[in-house]
């Protein structure tokens, strides 16, 4: 059952030098209880997609398309209506646990305010729920740390608190925006396992935004590969890794260092991401693509395929290197 | 926190003693003395006067006597230029005046400056914002020595609403103009600092987190944004407070309020050593107390500072 449906979403940012085309005509669905990965390099627009779902884009953003949730278009909701969806229906886990908690408020206050707002819980009832959630994200000795401030926790613990914050009201969907970027590898693994447990135990759907393919491989059913704000390939994760059908996906997978490879230079995709100040006139990846032909620079490739997997490339799969 | 306050208070004593010693010698270095005048006094009378005030003693003895009197008797000595008055009297007479209008000036600055700054930030690039910016520029090009005469011209001479000077025991009509004239330029600065501080805070990731919780913008402002917004305002106000409650020399002279600033000027002209020293000590103690107050306010707001104090 489709929970959230992003339809032809485009996001532009007005700047004094002209519009930045951050997201171009992106569509995808998230089913209840499903984990979808949004993969792309920095600046590919993946975080902006998540922010647009909750109406948290910067004030200079302009959107088009629809984001359907529960029969309503989130993009056109009034702030008052949107506030009822935020945290209660769709919660977000932010990227940087160091700065996304308010340094001037105790952990307990930051956690219980959404309970107060959405569930009407106060006092002992709110504290009970807060402790439940802190236990779920494995914060040791949570009861005695309720009155602590963010700076008194380590980075990994703060990320757990941010996750706990997202879980409080049992949302149906969690938008996890690079939840592990700021953490070291062992903590990353713990956090990913934690998210996986949450999804299994509570049936929460997760939109995982990351640039780390390793994280995706372990945990997501479907993956969207984003480049310059455009979906390049959308496929079940297993199939995507086994046989990538887009030159960009192939390049990305080649760039993942392999433990069995002999030591040597790492693979990289040559060139730079394109300038988002211009509207797309061809495939955004064409300038860096080993398989590009003249037509690639002139035609914006449509996202085509069957219900299971789609790709945006005008060259047949068989002809790709 | 108490322990911290105590430690800070202890640490300030040596500072104040150093300050007394330095001021003491600096004053003596300046040419002239309290009893120098156009026509020199006959030597016999001069000797008499000097003896009366202990100025015939060697400098180190004078300093020692001075310090002893302060610390054991809380006596800052007699005034050299005003007969039968001592420094304690002069401070007791003038300080309440400056404290009163300085306090109301600070209230005026904060009670108006902070809301103005908040409104300007929330309505960025709106009419309100431009009015606030215009006002800030206005108060910078009209410093208090221009503003005060303009106010007297308007409110006293033209409209006859407020008295143009005097104190009259600190009735409100007499307090308004000194307090407003003293505060206006600070008010503009406070509004400006509040505005830019709030704009910065509202762009912080933790404010986005608060929005993602579904909180109303009003709640976010009061609960999440206000405290961090005020931190730079507090830093700015710390020296301003001292300046305000010790009074502006200009305000005291212009409005003839009889405040402490007037005494300072008079004492400096007449080389009234004990009054100058007494006031310097008063200023430094106030500076210390207010700085401590600011540090404590910081600790009250910022938990990181608080845990640093322990």
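Heads up, the Cβ atoms here are built off N, Cα and C, so glycines get one too.
Feature annotation from TrEMBL assigns transmembrane segment to B:12-30, B:101-122, B:134-162, B:174-191, B:233-255, B:275-301. According to TrEMBL, the domain 'ABC transmembrane type-1' annotation covers B:95-294.
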> Okay, the transmembrane segment (B:275-301) and the transmembrane segment (B:12-30): do they have at least three CB pairs under 8 Å, pairs separated by 6 or more?
Replying inline: yes
> What stretch of B:101-122, B:134-162, B:275-301 shows the most Cβ pairs under 8 Å to the transmembrane segment (B:174-191)?
Replying inline: B:101-122
> Against which stretches of its own chain does the transmembrane segment (B:134-162) lie, if we need a Cβ under 8 Å and a gap of at least six residues from its ends?
Replying inline: 116, 173, 176-177, 180-182, 184-185, 187-189, 191-192, 248, 250-251, 254-255
> Against which stretches of its own chain does the transmembrane segment (B:275-301) lie, if we need a Cβ under 8 Å and a gap of at least six residues from its ends?
Replying inline: 1, 4-5, 8-9, 12, 15-16, 19-20, 23-24, 27, 66, 70, 76-77, 79-81, 87-88, 90-91, 95, 227-228, 230-231, 234-235, 237-239, 241-242, 245-246, 260, 263-264, 266-268, 309
